[in-house]
Amino acid sequence: MGQFTVVSLGLLAMFLSLSGAKGDNCPASWISRNGVCNKLFPDRKTWLEAEMYCRALKPGCHLASLHRDSDSTVLAWYISDHFKGAGHVWIGLRDTNRKRTWKWSDRTSTNYFSWNQGEPNNVQDNENCVHLWAPSGYLKWNDEPCASLHPFICQYKL
């Protein structure tokens, strides 16, 4: 009877772990945060090339959008810990109509900003895209010409 109980408990544990695997986990090379999956791509691309690359990965995938300090902290840790020397990293924020109206590429609400001191400064009236600023440990943002080449973070909702 004792052996039957151990086997039954083992089967129950296996069933529960399999029933929890509903495809709501991020792939192995992606990180999970607040219901989304993120992955840093070290290839250097313009902002638009990076956004198009993310969109081609899967439906609903875009450059990352950040909506709270905890989002910034998780991504900063991920980049700093796994991709030392990546440089600045594109996120999905952009001023599409050049009126200093910032919008996320995934069309989520723009309710949070983490600008570096003195930013956005729109140097030479040509800084309409946003990256995570490397010297801040990837916690602060800087506006940059969209044609600059940087690694980037893609994101999709679970």
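From the backbone N, Cα and C atoms, a Cβ is placed for every residue, glycine too.
Taken from Swiss-Prot, the feature Ca(2+) binding site applies to GLU127, ASN142, ASP143, supported by similarity to another entry. Cβ-based neighbour count (10 Å, all protein chains) for ASN142 (Ca(2+) binding site) stands at 20.
Per Swiss-Prot, disulfide bond is recorded for CYS26-CYS37 (among others), and the stated evidence type is sequence analysis. Within the same chain, residues at least six positions away from CYS26 (disulfide bond) with a Cβ under 8 Å of its Cβ are SER32, CYS37, ASN38, LEU158.
Annotation source Swiss-Prot lists disulfide bond at CYS54-CYS154 (among others), citing sequence analysis. DSSP assigns CYS154 (disulfide bond) to a strand. The Cβ of CYS154 (disulfide bond) has ASN38, LYS39, PHE41, ALA50, TYR53, CYS54, LEU57, CYS61, HIS62, LEU63, ALA64 as same-chain neighbours under 8 Å, each 6 or more residues away in sequence.
The disulfide bond annotation in Swiss-Prot covers CYS129-CYS146 (among others). In the three-state DSSP scheme, CYS129 (disulfide bond) falls into the strand class. Taking the Cβ of CYS129 (disulfide bond) as centre and 10 Å as the limit, one finds 27 other Cβ atoms among all the protein chains shown.
The domain 'C-type lectin' annotation in Swiss-Prot covers 33-155 and rests on sequence analysis.
Swiss-Prot lists 1-23 with the feature signal peptide, giving sequence analysis as the kind of evidence.
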Specify the secondary structure state of CYS146 (disulfide bond) as given by DSSP, simplified to three classes.
coil
By the 10 Å Cβ-neighbour count, the most surrounded of the disulfide-bonded residues CYS37, CYS54, CYS146 is CYS54
Given the Ca(2+) site residues GLU127, ASN142, ASP143, which other residues of that chain have a Cβ within 8 Å of the mean position of their Cβ atoms, reported in sequence order?
GLU119, PRO120, ASN121, ASN122, VAL123, CYS129, VAL130, HIS131, TRP141, GLU144
